[in-house]
Amino acid sequence: MDFPPYILSVFLFLPFIGVPLLFLSNKVNWLRFIAGSFTLLPFLIIVGLYFKYDPTNSSLQFVDRIWGIIVSGNLKVDYHIGLDGFSLLLCGMSSLLFFLSTLATWTSITNRIREFYVYLMIVEMSVHGVFLSGNLVLFYIFWEAMVSPMVLMVGIWGEDQRVKAAIKYLIFSFTGSVLMLAGILILYFKTGTIVIEELSTGLLPEIPKNIRLFMFFAFVLAFAIKVPLFPLHTWMPDVHSQAPTVGSVDLSGILLKIGLYGFIRLAIPLFPEEMLEYREFLGALCIAGIIYGAVIAMAQENSKRVVAFSSLSHMSFCMLGILSFTEEGMAGGMLQMLNHGFTAGMLFFMLGMLHERIGNNDISKAGGLSKLLPVFSVFFAIAIFSSLGVPGTNSFIGEFLIILGSIKANVVYGALAATGVVFAAGYLLLFAKRMIFGEPTKNLIEHNDLNLKEWVILVPTVIMIFWIGIYPKPFLKVLEPSVKVALNSASAKVIEDRSKKTFKNAELNDPYHKDVEHLRKFTSYKSLGVEPSKYAERLQRYPSKYSLPEPIRKNSDEETQK
């Protein structure tokens, strides 16, 4: 079955379309039905797109584009979305977790239910918009759109210190957003384009080093806050510990990924020289985050703070793999983002189930699970083993690839990253011992084991944990083109001999010879996703996509005269 050309827009906006339907009735069952349906449908669509996706094509697929829907002066913003292998898997993971989150709210959210679903569905649309955006303006709009709903979810439905945590999250998010907006504006005024594909091909006019550095750090700080990288992580433990269960799942399982996605999709292709220049410094921050997160997790008495600091350690691991600029490290970093989504999501779901039974997140009041809730204990142990990276679970594959790639890039950093696994064993096994094998507490004696709804929530995450751990090939195959594009966008733009590349046997038509010559000087055909012999045909059919903007043409003419 062929999908219509607008299928990606349907996937993106389905949760938002469901929002008005929430106001048709006040009945709780209706609200649950609408929220569940309009979060399940996007997941089913993305599963269908997975089977139609061509992993041999590194270009964006299922592209939906409307030209010039907003015009302000010389700035024309297109509605432009598309999917590659990396964003495909992230959209699949996030849409599944959002659907499971609606099931978790059946018992965890008991007041202002409609409002909660409105915020949740807006966050889902915004997250998917970030993963699919084809230009910087759309990217920024969706990036911003998720902040306010998340602040309200934490501030209204969170724990006792929820307002303080929500304000801290807002301040950090606002700071990052302002920096990124400044970077986007300067980038547009210096290049004349906001299209990510065009900016990523190396067709940029020469920009002074100091301005490039400012833009680079603006984007890096914005993304580092979201990851978060040490020492910009201080908002995360408070927000996780105070957020409602679904808020913690969405933050840790999904929203942390948009920071790393920003590094891969924007920071590396736009600023490859700067990324390579400062990767040792960023790598040191990753090592600090890996070790610091693991050590501090050992000292926590709040179960959600344990998982929060664990997320700091795991996200730093992912970032280190990306910074290795090796095929193994990059693939491991991308895959580990997916793994962490399922593992952290499962852990927060289970801590939420426990919170509903005992009324708090205190580890000392949740001992003896193996005797009182044996089935729950088995699932909890699976989540712990996954987080630990036990062979056969998903995290083992990701961590192994990251360490391998890191050692290839920097032996010292690779060795230090490996010690993070040892520290992880320390705090995770201690956490499991206290929760599963501790002395039974009176708080749990009167409570039953897992119910049907909880089984439905946990089983899909367990399936993904073992599927990726035992047979990761379908996921790595889809990621492979995205990995190569990310590596090529850095290496091909940094090495000076890029401009010396020759393209033989290119069947080029004279009317487009001038544009082809510009491409010879400033980029490679591969970065545009087109073979040399087919460039002239593509240029004739899609001139706005494959021809060069005037600032670049002018720059090329000047270089040619010299």
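Note: Cβ is positioned from N, Cα and C throughout, glycine not excepted.
According to TrEMBL, the feature domain 'NADH:quinone oxidoreductase/Mrp antiporter transmembrane' maps to 133-422.
Among the features that TrEMBL reports, transmembrane segment is placed at 6-24 (among others).
Marked as transmembrane segment by TrEMBL: 31-51 (among others).
For the transmembrane segment (85-104), same-chain residues at least 6 beyond its ends with a Cβ under 8 Å from one of its own Cβ atoms are 11, 15, 32, 35-36, 39-40, 42-43, 46-47, 49-50, 53, 55, 117, 120, 123-124, 127-128, 131-132, 245-246, 249-250, 253-254, 257, 261, 264, 334, 337-338, 341-342, 345, 349, 352, 453, 456-457, 460-461, 464, 475, 478-482. Per TrEMBL, the feature transmembrane segment maps to 85-104 (among others).
The feature transmembrane segment is assigned by TrEMBL to 116-132 (among others). Beyond the ends of the transmembrane segment (116-132), by six or more residues, the same chain brings 8, 11-13, 15-16, 18-19, 22, 31, 34-35, 38-39, 42, 81-83, 87, 90-91, 94-95, 98, 101-102, 105, 109, 138-139, 141-143, 145-146, 149-150, 152-153, 156-157, 246, 250, 254-255, 258, 261-262 to within a C-beta distance below 8 angstroms of the stretch.
Within its own chain, the transmembrane segment (138-157) is flanked in space by residues 77, 79-81, 109, 111-112, 115-116, 118-120, 122-123, 125-130, 163, 165-167, 169-170, 173-174, 177, 180-181, 184, 196, 239, 242-244, 246-247, 250-251, 255, 258, 266, which lie at least six positions past its ends and keep a Cβ under 8 Å from the stretch. If you look up TrEMBL, you'll see 138-157 (among others) marked as transmembrane segment.
The feature transmembrane segment is assigned by TrEMBL to 169-191 (among others).
Residues or ranges marked as transmembrane segment in TrEMBL: 211-230 (among others). Distant neighbours of the transmembrane segment (211-230): 172-173, 175-177, 179-180, 182-183, 186-187, 190, 236, 255-256, 258-260, 262-263, 266-267, 270-271, 273-275, 278, 282, 285-286, 288-289, 292-293, 312, 315-316, 319; these residues of the same chain sit at least 6 beyond its ends, with a Cβ under 8 Å from one of its Cβ atoms.
Residues or ranges marked as transmembrane segment by TrEMBL: 251-269 (among others).
Annotation source TrEMBL lists transmembrane segment at 281-299 (among others). Beyond its flanks by at least six residues, the transmembrane segment (281-299) meets 220, 224, 229-231, 233, 275, 305-306, 309-317, 319-320, 323, 410, 413, 416-417, 419-420, 423-424, 426-427, 430-431 of its own chain at Cβ-Cβ distances under 8 Å.
Look at TrEMBL and you will find 372-391 (among others) tagged as transmembrane segment.
The annotation transmembrane segment is assigned in TrEMBL to 411-431 (among others). Here the transmembrane segment (411-431) has long-range neighbours at 283-284, 286-287, 290-291, 294-295, 297-298, 303, 306, 310, 313, 316-317, 320, 363, 384, 387-389, 399, 402-404, meaning same-chain residues at least 6 beyond its ends whose C-beta is under 8 angstroms from one of its own.
Marked as transmembrane segment by TrEMBL: 452-471 (among others).
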Distant-in-sequence neighbours of the transmembrane segment (31-51), which means Cβ under 8 A and at least six residues beyond its ends: 1, 3, 7-8, 10-11, 14-15, 17-18, 21-22, 25, 62, 83, 88, 91-92, 95-96, 98-99, 101-103, 105-106, 113-114, 117, 120-121, 124, 128, 478
Residue numbers, six or more beyond the limits of the transmembrane segment (6-24), whose CB comes under 8 Å of its CB atoms: 30-31, 34-35, 37-39, 41-42, 45-46, 49, 62-64, 81-83, 91, 98, 114, 117-118, 121-122, 124-125, 128-129, 132
Non-local residues, at least 6 beyond the ends, that sit with Cβ under 8 Å of the transmembrane segment (452-471): 93, 96, 100, 103-104, 106-107, 335, 338-339, 342-343, 345-346, 349-350, 353, 379, 382-383, 386, 391-397
